[in-house]
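S.K.: Heads up, here are the entries from Swiss-Prot:
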BINDING   Asp494, Asp496, Asp498, Met500, Glu505  Ca(2+) binding site
COMPBIAS  534-543  compositional bias 'Basic residues'
DOMAIN    55-286  domain 'Dynamin-type G'
DOMAIN    481-516  domain 'EF-hand'
MOD_RES   Ser3  phosphoserine
MOD_RES   Ser44  phosphoserine
MOD_RES   Ser438  phosphoserine
MOD_RES   Ser468  phosphoserine
MOD_RES   Ser470  phosphoserine
MOD_RES   Ser484  phosphoserine
MOD_RES   Ser493  phosphoserine
REGION    65-72  region 'G1 motif'
REGION    153-156  region 'G3 motif'
REGION    521-543  region 'Disordered'
Amino acid sequence: MFSWLKKGGARGQRPEAIRTVTSSLKELYRTKLLPLEEHYRFGSFHSPALEDADFDGKPMVLVAGQYSTGKTSFIQYLLEQEVPGSRVGPEPTTDCFVAVMHGETEGTVPGNALVVDPEKPFRKLNPFGNTFLNRFMCAQLPNQVLESISIIDTPGILSGAKQRVSRGYDFPAVLRWFAERVDLIILLFDAHKLEISDEFSEAIGALRGHEDKIRVVLNKADMVETQQLMRVYGALMWALGKVVGTPEVLRVYIGSFWSQPLLVPDNRRLFELEEQDLFRDIQGLPRHAALRKLNDLVKRARLVRVHAYIISYLKKEMPTVFGKENKKKQLILKLPVIFAKIQLEHHISPGDFPDCQKMQELLMAHDFTKFHSLKPKLLEALDDMLAQDIAKLMPLLRQEELESVEAGVQGGAFEGTRMGPFVERGPDEAIEDGEEGSEDDAEWVVTKDKSKYDEIFYNLAPADGKLSGSKAKTWMVGTKLPNSVLGRIWKLSDVDRDGMLDDEEFALASHLIEAKLEGHGLPTNLPRRLVPPSKRRQKGSAE
C-alpha cells in the first residue's frame, strides 16, 4: 500500500515542478488577470484579489460538519496528536475556525494577528470583521503530517433550535471563501444521528461550484450494526441528493475515525478499506497541488471574463444625465435577460455565470455610473492567457512531475497504515524497514507484567520462539483498535524488524495496547525504558 511513498530526502520539500508552475501562475495572474479584476471591481462582487501566499501555501483540507460529528477527533486521529486549544465532547465544543498548521513549537495565534501575517494565506479574511476574527485562530504544532498539508477545523454547524442563534458573521460566506482556496473539503456526518439541518443545507449550498473537492465521511459507523448501517447509508445518499443539487454522486467514506476500540467490529474490514481510500486521497494532495492551483485559476479567469462583460454592459445601458436611479433598478430587474443576451453574443457557457439572485443583491449597493466600459485589450490578454499560456504549462507540469521525487503526506495515522502485517500489500512485498529503537540499561517497565503476556504468547503457538505477523495480527485485531493504531504499535514493537515478534517484543506490543486502551497516547519513537533488554544487548554488540 502507498508504494509510491518514499522516506528519503523529499520530506518537507516541494517538488521543483510545483515551484516552477506555481511561479508561472503567479506571474500570469499579476500581469494578465489582476488588471482586469481591478478595472471591473471583481473583488467587490466575488472573492478578493489573490496574493503570493495563496499560490505558495501548502495544500489545505477543510473539515466541516454538524456539531459532535467528530471533526476535531478526526483531525487528531490523522495527526496522532492533540491540537492546542481544542476540546472534544458531545456538545458544540469547537466554536471557531481553527487553522491547524505546522510550527516548531506548540501554540495558538489569534485571528487579528493572523490576518496581518504576509506569510499566511488569510489576509483577505479581514473584511469579515472583528466578530469573525475573534472566532478565528491558528493552532501551530510540530507534526510530520502538517509539514505537507494544513487543516481547517470549522465550528460545529447547529441544528434544531440552536440554529436560530446568530453567529454575528456571515458563516456561509466564510465557508465559501475557504472552499475557493482549499484542495479538499471533507463533510462529516454522524451515522448514529444522521440529520441535515437548515444551517448545514445552507453551508453545503455555499460550497456549490466546488463539488470536485468534496468528500463525504460517514463517521462513527462502528456504533451501528451492518443492517442499520445500510439503512443509514441509503438515507444519507437520499438527503445529499436533495441538498447538493448535482446529478453526480459524491464519494462517501464509511468508518470510525478515532483511535478508540470499535464498538461494533462486524464491519472492520470495510472500515479498513474505506480508510485506505480516504488516506490515498489526502496523501495525493501535495503531488497535485500545482494542478489544483492551475485549475482554480482557470475557473477564476472564466468568471472574471463574464463579470467584465456584465459590468461593461450595465455601463453602456446607463443614461448620461437623467433617470439614472430608475434605469439602474430596471437593469437589475432585467439581469436574467442580460445574462442570456451576453451568453448568446459572446458564446459563453451558462456554467460560467455567477448566481443571478446574488448578483442582483450586490448590484443594489453599487453606483453604475462608476463602472467602466469594455476594454478589448484587457480581455485579449485574458483570452491569450487561457488559450496560450495555460496550455503551455500543462505539458511542463506533467513532464516536471515525472522527473521530480514524488512526496506524499507522511507521519501520524498515515504511518500506521504502512506498518507490519497491517499494510495492504501483494504476496511478494516485504515489510519496510523502520527506525531502530533506542538503547539503554534502564529497567524494562514491561517486566512486571511479562508473565501475563508470556501466557498469551505461548497459547498462540509461536514457531521457534517467534510469532508470525499473521498470528500476531489475529490476536491484535481482537483488541478492536483501528488498524492504523495497531500498525504503529507493530512498528514500535518489532524492534529487530524481522516481521515477527519474540516473547519480549510481544510483551511490549501487549503493554502498548493496554496503554492505548486506557486512553494514553503512543510515543513517536520507542523510549529507552521500553526497549526489550535482549535488543539492547544485540545492538550494543553490533556496534
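Just so it is clear, glycine is given a Cβ too, placed from its N, Cα and C backbone atoms.
Describe the structural context of each listed feature in the structure shown, including burial, neighbouring residues and relevant distances.
M.R.: In the three-state DSSP scheme, Asp494 (Ca(2+) binding site) is classed as coil. Cβ contacts within 10 Å of Asp494 (Ca(2+) binding site), excluding its own Cβ and spanning all protein chains shown: 25.
The average pLDDT computed over the domain 'Dynamin-type G' (55-286) stands at 85.
Residues in the domain 'EF-hand' (481-516) partition by DSSP class (helix H, G, I; strand E, B; coil) as 25 helix, 3 strand, 8 coil.
Around the Cβ of Ser44 (phosphoserine), 10 further Cβ atoms fall within 10 Å across all displayed protein chains.
Sequence-distant neighbours of Ser468 (phosphoserine) (same chain, six or more apart, CB under 8 Å from its CB) are Gly499, Met500, listed in sequence order.
Just so you know, the Cβ of Ser484 (phosphoserine) picks up 25 other Cβ atoms within 10 Å once every protein chain is counted.
Take the CB of Ser493 (phosphoserine) and look out to 10 A: across all protein chains shown you find 26 other CB atoms.
With a cut-off of 8 Å between Cβ atoms, the residues of this chain six or more beyond the region 'G3 motif' (153-156) that come close are 62-69, 71-72, 75, 83, 86, 92-100, 135, 167, 171, 175.
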S.K.: Quick one: Cα separation, Ser493 (phosphoserine) versus Ser44 (phosphoserine), in Å?
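M.R.: Pair distance, Cα basis, whole Å: 58 Å.
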S.K.: These are the recorded positions: Ser470, Met500. Which one scores highest on other Cβ atoms within 10 Å?
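M.R.: The largest 10 Å Cβ neighbour count belongs to Met500.
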S.K.: Checking the contact step here: among the modified residues Ser44, Ser470, Ser484, which have a Cα within 10 Å of the Cα of Asp498 (Ca(2+) binding site)?
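M.R.: So the list is empty; none.
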S.K.: Which one, from the binding-site residues Asp496, Asp498, Glu505, has the smallest tally of other C-beta atoms lying within 10 Å of its C-beta?
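M.R.: Looking at the binding-site residues Asp496, Asp498, Glu505, the Cβ with the fewest others within 10 Å is that of Asp498.
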S.K.: With H, G and I counted as helix, E and B as strand and the rest as coil, say where DSSP puts Ser468 (phosphoserine).
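M.R.: Looking at the DSSP assignment, Ser468 (phosphoserine) belongs to a strand.
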S.K.: Could you name the residues, excluding Asp494, Asp496, Asp498, Met500, Glu505, of the same chain that surround the Ca(2+) site, i.e. Cβ within 8 Å of the Cβ centre of those residues, in sequence order?
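M.R.: Other same-chain residues with Cβ inside the cutoff are Lys466, Ser493, Val495, Arg497, Gly499, Leu501, Asp502.
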S.K.: Taking Cα atoms as reference points, rank the modified residues Ser44, Ser470, Ser484 by distance from Glu505 (Ca(2+) binding site) and give the first.
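M.R.: Checked the modified residues Ser44, Ser470, Ser484; minimum Cα distance to Glu505 (Ca(2+) binding site) goes to Ser470.
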S.K.: Of the recorded positions Ser44, Ser484, Asp494, Asp496, which one sits closest to Ser470 (phosphoserine) when you measure Cα to Cα?
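M.R.: Result for Ser470 (phosphoserine): the nearest of the recorded positions is Asp494.
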